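All remarks here apply to the structure that follows.
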């Protein structure tokens with residue numbers, strides 16, 4: 001390891017060799033991420049008007065200052081954190097701003113990029129608050145049950161507000177639309193991690209064996225059923241298929257990681273399947289999504305023109321391998337939600353399969369770094385928290401990216417960091433902050449040294 | 001410290017593997033959508049990207065003489081550049097329209113590749129645009145039209161329904177192509193509600209302004225078809241001397257039927273071919289057609305271009321017909337341009353042109369050449385002979401007969417001082433029991449006395465000549481229009 005950083009030298013007297021801190025690497029990557037975003041911003045202007053847009057200095061400076069502040073916070077309070085997490089978040093957020101700015105050009109009356117920048121600032125602010133104030137992630141374990149209560153309140157809140165575009169997931173306060181469900185994700189991850197870390201032995205060691213599956217007993221099945229009911233409740237009351245899928249997937253993953261019981265997965269998948277089938281048949285909003293997925297071009301054949309999914313597929317197809325170039329595609333044909341749920345279609349059309357794959361790999365890297373932090377920790381709560389937070393990102397990317405590319409039925413959900421949506425951006429910055437905190441602990445403990453569980 | 005010996009790290013790796021599988025599924029699916037299925041999605045008719053790209057740049061222009069008769073206007077809409085037309089109604093049968101909503105027609109359709117910039121010939125390098133996703137600027141299409149002749153034809157038809165086609169006999173270049181009533185194709189440019197209204201109005205109008213009568217409407221050619229019959233008779237040796245009396249009765253009883261064919265003029269009984277041609281004796285030509293026989297008649301008609309379903313100039317021309325399965329009575333009527341004999345004005349101009357060009361029919365064409373946006377030639381239309389319709393000797397004798405018609409027959413209205421003009425009039429009756437207002441025809445050619453070549457052949461049809469039925473005649477209604485067009489070409 002060469003001294004790429006300015007502070008990254010291990011203490012020679014430490015019993016276990018510390019990995020280098022790599023804050024210099026992080027700084028360099030952040031600079032690259034900001035420059036890439038600025039380049040994208042310029043590229044849009046050059047492609048559209050043939051000139052560098054006047055807002056480029058503000059854009060670059062704004063993003064740069066935010067990233068720098070976040071970096072300073074990490075350097076001061078989490079010096080051992082994984083150096084890739086923050087640059088990836090900055091790059092994705094910057095790219096999202098560029099894509100939203102680019103789509104704003106199609107809708108001059110409805111400009112979303114300035115608002116998104118405000119939310120990003122708020123997100124980075126909360127990132128800094130979390131990194132600075134939360135000195136040890138284990139503190140969160142104390143708030144396991146507070147978290148679940150808070151999450152439930154946040155989830156239930158939008159039911160009292162009017163539905164927007166068929167889903168009751170928004171509340172409007174003073175002109176701002178907030179999706180409380182976004183924040184509930186983090187709280188639920190904390191709750192799951194805390195609950196499972198405390199109860200995993202009971203969950204793992206009871207139950208009957210049926211064929212090759214180890215089934216849990218009825219007594220511990222209760223909480224699982226409760227979560228399943230919660231998911232279905234969210235789905236039915238708020239018509240939010242994506243969030244319920246996310247909650248359930250998150251719970252099944254964490255349950256498996258905590259107990260290693262394949263039986264849980266079987267039960268989970270069975271319940272999910274029943275729920276999905278029932279809702280898919282009975283709930284018209286969801287049912288139409290399933291039908292669109294099975295035949296995205298049905299509306300064209302019926303003479304009603306392409307629906308959003310078909311338009312999204314057209315956009316991806318128009319991108320081909322290299323894309324049309326930023327600012328030169330026509331993803332605005334998708335219409336409604338092109339800046340939020342369908343933001344990936346713009347990336348696919350204008351950056352091509354190459355750019356889209358790069359974005360997917362960035363997410364993959366972010367998730368992998370989260371999992372790695374989990375592996376590096378010794379306390380089960382921290383491990384489950386890291387896995388849970390990473391899985392939130394992974395599932396969210398899969399659900400929405402799979403939806404807009406026709407892999408699975410489309411469900412409304414924000415692409416982390418890329419999509420327009422304040423609550424989502426803020427939540428994802430908090431997730432990254434927690435991952436920074438967790439990875440700092442993991443690497444400060446001596447990297448991927450032997451822990452008590454693997455050393456049997 | 002859990003102490004149960006369960007290797008949580010292993011499960012974390014399993015979960016990570018699961019996430020990796022999700023990522024892999026996304027990548028594979030993205031490849032499927034963007035690469036494997038991409039082509040079929042791009043070509044889906046509901047995908048408007050190709051239309052957006054098509055209207056994203058100014059369309060190339062159609063040129064008459066040195067000046068463009070089309071233009072492009074930046075509308076700032078999604079389908080950005082809209083077509084404009086200079087003298088739209090005058091040139092509508094040539095240009096057709098280019099509409100964001102209704103597509104293209106005529107030259108706009110036939111030369112679309114060049115005009116829209118998609119023609120690979122416009123590329124500086126092969127496959128260059130496939131690589132750069134670029135599109136060449138629209139190329140221009142230079143027509144063969146003579147603007148003065150076009151205007152003369154349009155003005156000559158005036159408010160009457162009809163059509164004019166004029167070609168240069170020695171090359172096949174189309175000099176004028178007019179159809180009235182016409183319309184302004186600019187009304188169909190763009191995406192406004194007014195476009196849909198214009199489309200509905202133009203399509204439901206009783207006088208069919210969007211019908212290109214010069215190439216897409218066939219009429220019974222009537223007596224003008226006697227040029228073809230005369231050519232067949234001379235080529236087949238049925239008539240050896242144009243001044244020798246033919247043994248034809250007046251009235252002529254159609255073979256195998258009781259119908260008696262009569263004439264509008266006197267002196268047709270036993271008349272010579274010259275007299276019969278000059279005064280348009282139906283009896284003589286009906287009998288000649290029967291004497292030539294169905295096979296030879298059809299052969300000569302095909303030589304002039306009848307029954308040709310493939311003719312494009314470069315847009316499609318409706319086939320003119322000479323029925324091949326006829327009995328002798330039907331053959332007799334077919335030979336005087338009745339029964340199932342039908343011709344477009346362009347076809348009849350080709351008949352006149354063949355006579356003027358030693359019997360050779362040159363392939364008619366409207367496009368002189370195509371150029372890139374900055375004017376360098378991309379392709380030139382080659383001049384070819386479509387058919388040799390008759391022997392050159394026959395053509396010489398027909399020239400003589402047609403000249404007689406203008407000098408002292410039914411076509412004196414077409415005479416031009418200082419030029420040799422040959423013509424043939426026709427008054428085609430149609431409808432049940434010939435109840436419709438007859439069509440007035442005139443086909444002719446003109447050669448300046450100062451020139452060695454015939455400069456122009458023209459066909460005029462006037463549908464609704466506003467006169468008493470008895471007074472309608474090709475010589476009276478159509479010949480003056482033909483003269484105006486010929487004069488325009490001879491002395492611009």
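Using N, Cα and C of the backbone, Cβ positions are placed for all residues, glycine too.
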Q | A:202-219, A:220-237, A:238-255 - the range that TrEMBL marks as transmembrane segment | A | A:220-237
Q.
Looking at A:4-23, A:84-103, which stretch does TrEMBL describe as transmembrane segment?
A. A:84-103
Q. Of the stretches A:143-163, A:183-199, A:313-336, A:342-363, which racks up the most C-beta pairs under 8 Å with the transmembrane segment (A:27-46)?
A. A:313-336
**Q.** Interface present between the transmembrane segment (A:52-72) and the transmembrane segment (A:414-436) (three or more C-beta pairs under 8 A)
**A.** no
(Q) Restricting to CB pairs under 8 Å, which listed stretch, A:52-72, A:115-134, A:183-199, A:342-363, A:384-408, is in contact most with the transmembrane segment (A:84-103)? (A) A:342-363
Q. With an 8 Å cut-off on Cβ pairs and a sequence gap of 6 or more, do the transmembrane segment (A:342-363) and the transmembrane segment (A:384-408) reach 3 or more such pairs?
A. yes
Q) By Cβ distance under 8 Å, which residues at least 6 away from the ends of the transmembrane segment (A:384-408) in the same chain are close to it? A) 137, 140, 185-186, 189-190, 192-193, 196-197, 242, 245-246, 249-250, 253-254, 257-258, 293, 296, 309, 312-313, 316, 341-342, 344-345, 348, 360, 363, 366-371, 373-374, 377, 414-416, 419, 428, 431, 434-435, 438-439, 442
